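Report on one structure; see the data block that follows.
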Amino acid sequence: MSLFTMWVCSAFVVLLIPSIVAAEESSLLEGWHDVWPLRFLVNILGYSTIIIPGYFLISYFKRTNYLETGSGICFPVIKTCVFGSEAKTGLLDDVPIALRNEGDSGSSVRQVVKLVFCAAGLQVSYLTWGVLQERVMTRSYGATTPEEEGEKFKDSQFLVFMNRILALTVSGLWCILFKQPRHGAPMYKYSFASLSNIMSSWCQYEALKYISFPTQVLAKASKVIPVMLMGKIVSHKSYEYWEYFTAVLISVGVSMFLLSSTPSKHPSTVTTFSGVVILIGYIVFDSFTSNWQDNLFKYKMSSVQMMFGVNLFSCLFTVGSLLEQGAFFDSLAFMMRHSEFAFHAVLLSVCSACGQLFIFYTISQFGAAVFTIIMTLRQAIAILLSCFLYGHAVTIVGGFGVGVVFLALFLRVYARSRMKSGRRPAQPLGQKV
């Protein structure tokens, strides 16, 4: 009887071990979603399944001199994607220049109305976008009572895809409805800016799980520092002494804010090491994006064409990665379970796409200086709005640091406008380093 009992127990253990191992494996598989470096790595691996085959195809077409020997139905598509027209021009954009000249000829009242329209459009679009961004990434859905925890949305990449698919649609319709310059850049060159743009957006959403929204806004304001570094490395640009001075002021102001921040009762508002690392990633990727786009503008293209090309590859990369991970349909299921999230995600994408169009229109009508002032004010209002809606505490030293940052930003705008006005008669002012 004892032998039989031992046999039954051993058989039971043998049958139980696979289920225990399977449960541990499933818990590990579910747990990796909470580790951001793993999510980042998996996203990169997903993008590489598109980038690597594309690289070999482009190399093959260039090596075989396909432009001279190719023919058939696919030839125009391959020529556009791989070779383009290869006709580089200046950094000017024909369409915005025409629009700006038309705007300058209007009456002062009409210009004031346009300015109010642009400022209101930018403020509404990006303030709403900022509030929704923090709501989606830091709060739960489905809780009917304050005691319930609800369900949090965790996949930042899906939100990036939502933003890009709507921006692609809007920019595509714009290119169809309004006359654009003849496109000359090889399409594959948009993929570099697209990849860095995806990663910067992912970092932007992901960072809100670890740091407060005001900290994120200040980090964006301080990105002029890595932008200058990337400009030196990528575009071999030179900068004025006042640009270095204001960059130092910005870094001092941001440091004051970060060092004086006090932890809140919400874990997502505590400035953690992970949040800082993700923010650094955002700044680096975003700096590369802007400098690469500057180089792309050497081809004759409009800003909306740039928007279309970058978002086309962004949609391709993100939807491919989401499908490979199985996260695409999980996110859709989350939208079906929580209609409030679906509304927020769609409105977030609408604000992002409309904001980009307002950016192009404002710069074409009033120039980059006016646009920078409007967006700097928007950042200040966004910090105040976030503190009011979500209860972020800012100390006196932190508030002073915020003031230093925005003072430096306004000094940059003032110095740049003075230099432009000084260049018109004859020589440029100041030395470059």
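Glycine is no exception: its Cβ is also placed from the backbone N, Cα and C atoms.
What you are looking at is a predicted structure, and each value in this text was computed from that prediction instead of being measured.
Among the features that TrEMBL reports, signal peptide is placed at 1-23.
Residues or ranges marked as transmembrane segment in TrEMBL: 38-58 (among others).
Annotation comment: TrEMBL describes 241-260 (among others) as transmembrane segment. Within its own chain, the transmembrane segment (241-260) is flanked in space by residues 214-215, 218-219, 221-222, 224-225, 228, 271, 394-395, 397-398, 400-405, 407-409, 411-412, 415, 430-431, 433, which lie at least six positions past its ends and keep a Cβ under 8 Å from the stretch.
TrEMBL lists 266-285 (among others) with the feature transmembrane segment.
Among the features that TrEMBL reports, transmembrane segment is placed at 306-329 (among others). For the transmembrane segment (306-329), the list of distant contacts is 42-43, 46-47, 49-50, 155, 157-158, 160-161, 164-165, 167-168, 171-172, 174-175, 185, 187, 190-191, 193-195, 197-198, 293, 296-297, 356, 360: same-chain residues at least six beyond its ends, Cβ to Cβ under 8 Å.
Summarising the annotation, TrEMBL assigns transmembrane segment to 341-361 (among others).
With a threshold of 8 Å between CB atoms, the same-chain residues lying at least 6 positions outside the transmembrane segment (368-391) that come near it are 115, 118-119, 122-123, 126-127, 130-131, 134, 138, 212-214, 217-218, 220-221, 264, 266, 269, 359, 362, 402, 406, 409-410, 412-413, 416-417, 420. The annotation transmembrane segment is assigned in TrEMBL to 368-391 (among others).
Counting same-chain residues at least six beyond the ends of the transmembrane segment (397-415), those with a Cβ under 8 angstroms from any Cβ of the stretch are 214, 218, 221-222, 224, 240, 242-243, 246-247, 249-250, 252-261, 369, 372-373, 376, 379-380, 383. Here TrEMBL flags 397-415 (among others) as transmembrane segment.
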